[in-house]
Amino acid sequence: MSKTLRIVAKDIRHLWPEVLLTLALTAGFAATEHFGWQVGQSSGLRESQILSAWMNALMPLSWWLLVARAVHDESLVGDRQFWITRPYSWQRVLGAKIIFLATFILLPFLLAQCFILHQAGLHPLVVFPGLLLKLVLLFAFVLLPLLALSTVTPSLTRMLLIFLAVIIYALLAIYLTSAFGPTAPLWVPMGDRQIWAAFIFLIPVIAVAVTLLQYARRRTPISNWLLIGLIGLLTFACIGSVYVKRKVVVSFPPSASGEAPPLRMEFNPDPAYQLAAISSLPKRGVESVTLLVPIKVLGIAHSHAIDVVGKSITYEDAGGVHGTTTWYQDSRDPLVGDAQIREEIYLPQDIYRETEGKSITLHLAYAVTELEAEPMSFTTPFNEAQMDVPQNGHCFKTELFGEVNCQYAIKKPQLTRITWHLHPTCDASSSADRADEKWIGGEEASETGFSPIVSVNNILNADPLGRKTDDGEVCPGEPLTFTRYRFVRRRLVEITLPPIDPQHYLLPPRT
């Protein structure tokens, strides 16, 4: 152990400028992160937010510099390494590098996270396991890949060239996806997410393999091929997922025989829900047109909610023109009780033009998650200054636009329904006018950014321009009820609409 610590002490003496730079940027990140939470339009605040953004960008660059310099201090590329002629085993050298990085990157980052949480009025000890998980992810997906790249490069210049190549590759992939992908947001089914998770976790696995191979055997060509193979596998995952998304979603099976479906959906033929027929065709060059088709939602059980997470549309006309869209993401709030909705349906424009003046039959498939309200809810009076809410969070009213924003530690809250009543005025004699609600949270894992604070903005549906509307307002002391929902099951729900004329449901193009 003494030899390992001697190597650590040597690295501190050699790399003290890089160490000081890393510590300074980490401290700057902790000191300026709170500017990103503030809402306002003053020039001073905007400059502070720009400074905070710079700290978020420069801090990981300092990590890259420190990791590369630490590894290159005992170079692994070539056949003239000085350290292999000394009584130091490769295990001691590698262990010293890990201790060095943990001391000057992981530990300061953990302290910065705790400081930011304390500054936000949240409790670090309550979410300490989440903070440790964040450190593990930082080590696995940031420091380990940097460590592996440093072991196969002889200098910072060569490593910088590799980074530039990766950035160009990523930009090219983003461009091709945006140029040839669909305009509507694709939905990634649960099965695809598991496949993606398997590919993503190859990153730390390959990084560990390369690092061990370099320190134990210094086989740089083999290590390079391992890294190239990793990039190839990730590319294959990107291309393959496009085809997987077009297949049946096995994660959402249809209801079994004798099993009650989570909800029923029926076409609403009421003419009042039709849009005015549009005589002109949409402009050419638009990939798809949008229909707003009225649907009745029925059969949702008491204290249950239905979260529609994805949908696919099959269309067919009497002339035999037919097709099926890919699965699209559905961003609506969960459905509670019977409701009337206007369903957005994306129809390819060439199909719309071919079926002009004809009726088409639409078959809708929905991937839905059934949720059940937990028996205990939390109610707190509305306080414009600050109010504590469940799951280690608090909410406050901002000066700009009168929005009520919430902050949570580490991750979004479990899917939660907030309910309250609006009042025409906040006079003592004013009575509640109507009920309102907002859904926040979800099943997502911890946030992947550097900040431990997760913001949920505008939880009370304030007017985005700050104007008072006829809907009323939330008055101080108004009870806000937070009800959490838990997972019940996933199902595929299908509905076939009677033949309709698309012109009567076409969403007018924006002018």
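All positions are counted from 1 along the displayed chain.
Cβ atoms here come from the backbone N, Cα and C positions, even for glycine.
Cβ atoms under 8 Å from those of the transmembrane segment (12-31) belong to residues 52, 55-56, 58-59, 62-63, 65-66, 69-70, 73, 100, 104-105, 108-109, 111-112, 115-116, 450 of the same chain, restricted to positions at least 6 beyond its ends. Residues annotated as transmembrane segment in TrEMBL: 12-31 (among others).
Per TrEMBL, transmembrane segment is recorded for 51-72 (among others).
Only residues 6 or more beyond the boundaries of the transmembrane segment (93-120), in the same chain, are considered here, and those with a CB under 8 A from a CB of the stretch are 4-5, 7-8, 11-12, 19, 22-23, 26-27, 29-30, 33-34, 37, 63, 66-67, 70-71, 74, 83, 127, 131, 134-135, 138-139, 143, 147, 211-212, 215, 407, 409, 450-453. Annotated transmembrane segment per TrEMBL: 93-120 (among others), in sequence order.
TrEMBL lists 126-148 (among others) with the feature transmembrane segment. With a cut-off of 8 Å between Cβ atoms, the residues of this chain six or more beyond the transmembrane segment (126-148) that come close are 60, 63-64, 67-68, 71, 97, 101, 105-106, 109-110, 113-114, 117, 200, 203-204, 206-208, 210-211, 214, 223, 227, 392, 409-411, 446, 448, 452.
Per TrEMBL, the feature transmembrane segment maps to 160-182 (among others).
Sequence annotations record features per position, and here TrEMBL assigns transmembrane segment to 194-213 (among others).
What TrEMBL lists as transmembrane segment is 225-244 (among others).
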